[in-house]
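Contents: one structure, followed by commentary.
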Amino acid sequence: MSFFGLDCVTKTERELERKLRANDREYNRSFKYAKNAIKTSKYNVFTFLPLNLFEQFQRIANAYFLVLLVLQVIPQISSLSWFTTVVPLIFVLTVTAAKDATDDLNRHRSDKRVNNRKVQVLIDRKLRSEKWMDVQVGDIIKLENNQFVTADLLLLSSSEPLNLVYIETAELDGETNLKVRQALTVTGDLGDDVEKLADFDGEVRCEAPNNRLDRFAGTLTFAGQKYALDNEKILLRGCTLRNTEWCFGLVLFAGQETKLMQNCGKSTFKRTSVDRLMNVLVLCIFGFLVCMCTVLAIGNYIWEINKGSNFTVFLPREDGNTAGFSSFLTFWSYVIILNTVVPISLYVSVEIIRLGNSFYIDWDRKMYHSHSDTPAEARTTTLNEELGQIKYIFSDKTGTLTQNIMIFNKCSINGRSYGDVYDYTGQRLEISEQKDSVDFSFNPLADPRFVFYDHSLVEAVKLENPEVHAFFRLLALCHTVMAGEKKEGDDQGELYYQAQSPDEGALVTAARNFGFVFRSRTPDSISIVEMGKQRSYELLAILDFNNVRKRMSVIVRNPEGKLSLYCKGADTIVYERLHQSCSKLMDVTTEHLNEFAGEGLRTLALAYKDLDEEYFNGWKQRHHEASTELDDRESKLDALYEEIEKDLLLLGATAIEDKLQDGVPQTIEQLSKADIKVWVLTGDKQETAENIGYSCNLLREEMNEVFIVSGSSSDDVRQELRNAQTSMKPSAAENSVFLPEEKGEGVKPMKDEVVNGEYGLVINGHSLAFALERSTELDFLRTACMCKSVICCRVTPLQKAQVVELVKKYKQAVTLAIGDGANDVSMIKAAHIGVGISGQEGMQAVLSSDYSFAQFHFLQRLLLVHGRWSYLRMCKFLRYFFYKNFTFTFVHFWFAFFCGFSAQTVYDEWFITLYNLMYTALPVLGMSLFDQDVNDVWSFQHPQLYVPGQLNLYFSKKAFFKCAIHSCYSSLVLFFIPYAALQDTVRDDGKDVANYQSFALLTQTSLLFAVSIQLGLEMSYWTAVNTFFVLGSLVMYFVVTFTMYSDGMFLLLPSAFPFIGSARNSLNQPNVWLTIVLTSILCVLPVVTYRFLLIQLCPTINDKVMFKVRQAKATLPPPPRRTRIRRSSTRRSGYAFSHAQGYGELVTSGRFLRRPAIRSAGFPQVGRTTTGFSPMGRSAGYSPTGRPQNLKVSDVEVTSLQMYRTITDPPLSHT
């Protein structure tokens, strides 16, 4: 049943196993499974008002003002009108509610857009177009190419051979390379026959809904037979069907029960640490207010007993008004009068400040990405100052740190390095897109988006250099890529590749452009076009990649009948298997590899060997026997692979760039200098994540050690973590007993530990699952926090959120999560601040985020500039606001001792009304919107300026009590100096000046001057607007005062304007102005003295930088040169292919093949010949999403062959 849009079905017991029957809605409804509608919004029409008011009144101040409002409607105790509180309170509640309603409306629209998508559902033996929200468990649905998967499905059949489908899982794990799923043969035979599908009545028993993306267990019972189901037969909601004409699936989980939604974190009401501190302070202020009112009520009681009886003759008490009752009424009267210690205008001003600082983020042109026309956006206005306190950043990798685009950057062939460009003097030139790129017009099958700048390589290809030809022949043959031609639209006839990983696609694309074009494959052959000639190689074996072998080989027979083995893999692995004759070439290639690795490129070594026919036949027989073994099959196959992959001849090496987003290394370096720790949480493979870690400066060769945690049990993981702790800090084992423990509901925070040196931590998802267990989580957190950087690989979306929650729970630190895909949503929701990057993986992360922009490097500006300024401004605002209002209110307290505790106000009522509304509102807003200690350039020059925000140095309980003490002192000065100055004083004409109205005028004028001067001392950055606000407010005070105290206003409303003539009679006296000057100086003198001594004896980082700015005479320092970071490294990544088990077995079995599509020879007219790859930058690239990158290839003529050296080694035999 649904009530107000909420699912109100409560299951009496937790679901342990799911049972369903295909095409039987009545049977499946009996289990009350969730429908396919999703709901990410927080409110609906009926729940918005109560829920939103409940959230808003969690702010103690709002509840406090509500109580005041109730008091003010009681005439016996109220000395102020009720509308003075109700109007601003309603304004604050309305503005906040409108903002929350807008945000939730966007979520409703997103839900509605998704729920109303259409899909074909098999109902009553016909395919009908239904909304997603109406799909139910047990339905059979039809999906077509490029459609999103509607729900979690069991794949039944598809248009592809052997019932394969290709899916993209970017929204689940961030990976954009295609994955393969295959249906059971028994269901695959159903095909697209609607009648057969309608008759299908298979029953599924499977696991209950859960968040595990990497596993599935269940059985299908059909026609009396039972079949096992695993993850390879399941299509999850959030995937996209690619390169598959159609497929049919049976709905297993729908709506909120799908694995995607199970991994989405709940929307939480986020509040800043300043908000939480304000709640505590408001409680303290309220307690202090009660104490003050109690003291004054007691004073009133004593006064009524001792003095009040003297006035009853001409001021008789009402019946029953005893001294006790009088003091009771006085208590509540003073609660109303002294409520200005926390005025409602404080919260109005806070909302305005936050809104203004949000606009600065929206308007910042330096955070605008012109390529995608994407500005930065502050999607919430309540968290700006939290941006200035971030301690931990949790980042996704794919699409966040990287562009997920692989670029064939450089290569080394037979001892010569290709890829760099030199001038006529031999100096290496910096490559830019303005340089002339290689002209591939000689190759009609070339990908026009492939860009390479070293002309000597294509000239070597044209000159038929045998080593260069062998190099690209290997790249065209040694892979598991699938080729196809687009069959529709403007791209008809276009050659495209389906690669298991984007880097493998980049290598095949490079070979394609240099004249070795992979065209098609069958289970036992590979067809390529070599320099315009069609050649077919017999594929005899694929020695597939895995994480232990770290290499891949193919054995082929060329058209001339020659047998060859081609191998590519990690250089350290391949080098161990080279023939000793390659030693000299190895040395030269190693130099090139070190140079490539120093630039953060991912490298592979390439080698080959010719095989003897007789030996291979014997090996093949032994291979067949090993592959059919039931026991120990893997180890026997590995031994055979080792046997044949030896005495290889080195061809060279490739260097691929996993293209980082612009400015990522510099951004991470800046954030590190600001003492912000960056943790990368990625669904990608371990080696890939490590490579990115090194290329973006997260991990560095200079680190003392990088710990790899890969334990397969809880005990193993705990031991590895403790070993790491001991390595970093030998005394760590002794202190492990002092880890924080939960006491009741509270958790003792874990303190930061100082270690000697810098360390990194890499942990995979399997080990992380054990590390996040209750018994191990503190060891994991302690180890991770001792490290400079942390990388978690192969993590699920839920594990990302769990890591964030762990840090939030045990560290008193503000966290930020940044990502670009649906797999990052739970992490973004869990962190204090969520940042979404509008990237290649959709807009789910952006829709769930608090801030969004297009590039990762904008994060440093968001934090180091906008965040720091917002925090600084908010803290200055709060300190000053409390000072001016405490000072204003405490004067009432002192005055009570001189007015018989009668709850009479010390100021004119109009001054009380306008003090926060007109006289001091704009100056403090001006400071809070425009102030900055240093500009943005100096903020980048000195990222250490960010640290005080992390330590809460600008506003804390300590700062608050300092402010209260300062206010107490100022109120004493403001009351007693004018009191003493007017006592026994006469005017110039001899008339008496000492009266209540003159005293009130003198006190309020002195107060206004004192707080204005204090504001000037707080302000670091004076603008024309600030100056206008401060001086304008003072002018406005005098204009309004002389107007209010004029004869005309008195005659108009005598009761409302009783201070007739006070202004002109008092402010024309020199002694009054002398008193104002003296009072103002005495109020600010302690502050000036304290700050002077502090700067001289113990300057802060802000003081030091501001002194530098003054020394530089406010001239901007030169911006740092953005040089390309090069590091000397011996560490290399040899993984330019997938890090999961390869698809070799599928390829050779024929199950991977698509229906026949490509038949061509030589260089025929095949239409457009661009692939679905999207290279960027200065060389080759591959993007599995197939999105164009708008790069243009210059039409350049091939230059004459340049002189280049060769290594004199025995030439390779040309196959």
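Cβ atoms here come from the backbone N, Cα and C positions, even for glycine.
Taken straight from TrEMBL:
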- Asp396: active site, 4-aspartylphosphate intermediate (ACT_SITE)
- Asp396, Lys397, Thr398, Glu504, Phe545, Lys568, Arg602, Thr682, Gly683, Asp684, Arg794, Lys800, Asn823, Asp824: ATP binding site (BINDING)
- 21-86: domain 'P-type ATPase N-terminal' (DOMAIN)
- 846-1099: domain 'P-type ATPase C-terminal' (DOMAIN)
- 1169-1190: region 'Disordered' (REGION)
- 80-98: transmembrane segment (TRANSMEM)
- 280-303: transmembrane segment (TRANSMEM)
- 323-348: transmembrane segment (TRANSMEM)
- 881-904: transmembrane segment (TRANSMEM)
- 910-930: transmembrane segment (TRANSMEM)
- 959-979: transmembrane segment (TRANSMEM)
- 999-1017: transmembrane segment (TRANSMEM)
- 1029-1052: transmembrane segment (TRANSMEM)
- 1072-1094: transmembrane segment (TRANSMEM)
Measuring C-alpha to C-alpha, could you say which of the binding-site residues Phe545, Arg602, Asn823 are within 10 Å of Asp396 (active site, 4-aspartylphosphate intermediate)?
Asn823
Least Cβ-crowded entry, counting other Cβ within 10 Å, from the binding-site residues listed as Thr398, Asn823:
Thr398
Residue counts (helix, strand, coil, in that order) that DSSP gives for the domain 'P-type ATPase N-terminal' (21-86):
31 helix, 1 strand, 34 coil
Near the transmembrane segment (1072-1094), which residues from the same chain, at least 6 beyond its ends, have a CB less than 8 A from one of its CBs?
966, 969-970, 973-974, 977-978, 981-982, 993, 1002, 1005-1006, 1009-1010, 1013-1014, 1017, 1066, 1100, 1103
For the transmembrane segment (999-1017), could you work out the same-chain residues 6 or more beyond its ends whose Cβ comes under 8 Å from its Cβ atoms?
880, 883-884, 887-888, 891, 906-908, 911, 915, 919-920, 923-924, 927, 970, 974-975, 977-979, 981-982, 1030, 1033-1034, 1037, 1041, 1045, 1059, 1062-1063, 1066-1067, 1072, 1075-1076, 1079-1080, 1083-1084, 1087-1088, 1091
So the record assigns Asp396, Lys397, Thr398, Glu504, Phe545, Lys568, Arg602, Thr682, Gly683, Asp684, Arg794, Lys800, Asn823, Asp824 to ATP. If I measure every Cα pair among those residues, what is the longest distance in angstrom, as a whole number?
34
Restricting to the same chain and to residues at least six past its boundaries, which positions have a Cβ under 8 Å from a Cβ of the transmembrane segment (323-348)?
59, 61-62, 64-65, 68, 71-72, 74, 76-80, 85, 88-89, 91-92, 282, 285-286, 288-290, 292-294, 296-298, 300-301, 304-305, 308, 317, 881, 885-886, 888-889, 892-893, 896, 901-903, 905, 912, 915-917, 921
Taking the Cβ of Asp396 (active site, 4-aspartylphosphate intermediate) as the centre, how many other Cβ atoms fall within a 10 Å radius?
30
